[in-house]
Amino acid sequence: MRLLTPDICVIGAGSGGLSVAAGAAAFGVPVVLIERHRMGGDCLNTGCVPSKALIAAGRHAEAIRAARRFGIDAGEPRIDFAAVQDHVRETIAAIAPHDSQERFEGLGVTVLRETARFEDAATVIAGDCRIRARRFVIATGSSPAVPAIPGLDTIPYLTNESLFDLRALPARLAVIGGGPIGLEMAQAHRRLGSAVTVIEAGRALAREDADLARFALDRLRQEGVDLREATAVAEVAVEAEGIVLGLQGGGRIGASHVLVAAGRRPNTAGLDLAAAGIDEGPSGIRVDRGLRTSNRRVHAIGDVADVAGLGPLRFTHVAGYHAGLVLRAILFRLPVAEDRAILPRVTYTDPEIGQVGLTEAEARARHGDGLRILVEPLSASDRARTDRAGEGMIKVITTKRGRILGAGVAAPEAGEIINAWSLAVANRLGIGAFARAVPPYPILGEIGRRAAIGYYRPGLTSPWLRRIISLLRRFG
């Protein structure tokens, strides 16, 4: 068996693992990167990239339908679903070279396309190689969680790992799960011509501020998505007319295809973490805020990491952020800690839902009534009027003294708008920074400045302020 002794051994070539490997290699540090499946991981192959490509196709189809509102009647769009999927594959292929084995070997990284397992606290076995490294980084990601629904295993259900392999449009798509993935794919398929039903046991988009989420949920319903909240699937069966989902409390839903989008599970099977003294739980590998496991030689990042018992944040940009933290810790011996307050998230429905920092409910739980809630409707933006952008809003949560605790946006391109608020939260800016800013006119993001000015509006009616103005007027 061949012995390798790099400084860093990275397990998993998704966004987090690739960032660690590339960053370390840039400093001339010897790195071994192990990947058992596809380079680029879930994001490139079955997650962010293909889903956003499909969403883009659906958005263009909907734009054709909506064109008549601008005096342009192009009729109902003709959907070639196989060509749509070709667009998805072409997008993946265009990005893939950046994540390829060839590129990383060119950077000086030793890439092993094998399954990894720990032999002991300081050794990993991958194929015919034994790797003894100074530090290990586990970046194995997550996979779709499949609920234990009787009969589900008797049908060829879809997950994000198989959805993009379809060549024919699902006639009747049933989506189990009303989170971001489920709703994004529900809206995209509805816009491309599928009849879509979403079944959610609780509240759809439960993590998001309800005031913001309702704009996306209302839009899905308006477009014809049958959204069933507080509804659970009791069983799945195949009958003469096709797949039938039986609902708890009665009722049935027929489908040609079933998409399971009911959460994610950490990819830890086969790693033999116990052999390395690494603790794990149902949500992932347990790490502290510095992303270190119970084995101080080993870090875990991205989807697989349960940080300080708070659970994982399963976003590509979070994995990249984690990679930067562990590189600082490993290469420069700097103290690092995950700061969740600065990490934004976006649900890519139409309208999008963007959030950074605390939601209103989270802020009230922590700070009580010592808050200011600043709200501005999307309709206050002239650009929203010119574009017929529909309904939406921004909600900003601050302390009484104007420190920004969080912000949420429901609007087209909310992800672009929330990015500025992420910068503010990360740099601990006050609301005055937005009130003083001069945005170009007209943009949708102008509603952020309008909300910020609202923080000062109560002071405009102050008797003391009026007396000062009156006094100054006497001096000409």
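Using the three backbone atoms N, Cα and C, a Cβ is placed for every residue, glycine included.
Looking up CYS48 in TrEMBL gives a disulphide bond to a cysteine among CYS9, CYS43, identified as CYS43. Of all the binding-site residues listed (GLU200, ASP303), GLU200 has the fewest other CB atoms within 10 A of its CB. Neighbour counts of Cβ atoms within 10 Å were compared across the recorded positions CYS43, LEU183; the minimum falls on CYS43. Listed in chain order, the residues near the NAD(+) site other than GLY177, GLY178, GLY179, PRO180, ILE181, GLY182, LEU183, GLU184, GLU200, GLY263 are VAL175, ALA186, VAL198, ALA204, LEU205, ALA261, ALA262, each with its Cβ within 8 Å of the site Cβ centroid. In this structure, LEU183 (NAD(+) binding site) is part of a helix by DSSP. Taking the binding-site residues GLY141, GLY177, GLY179 in turn and counting surrounding C-beta atoms within 10 angstroms, the largest count is reached at GLY141. Remark: THR140 (FAD binding site) has ILE11, GLY12, GLY14, PRO266, ASN267, THR268, LEU271, VAL304 as non-local neighbours, by Cβ distance under 8 Å and separation of at least 6 in sequence. Taking CYS43, CYS48, GLY179, LEU183, GLU200 as the recorded positions under consideration, the smallest Cα distance to GLY141 (FAD binding site) is found for CYS43. CYS48 (disulfide bond) and LEU183 (NAD(+) binding site) are 14 Å apart (CA-CA, integer value).
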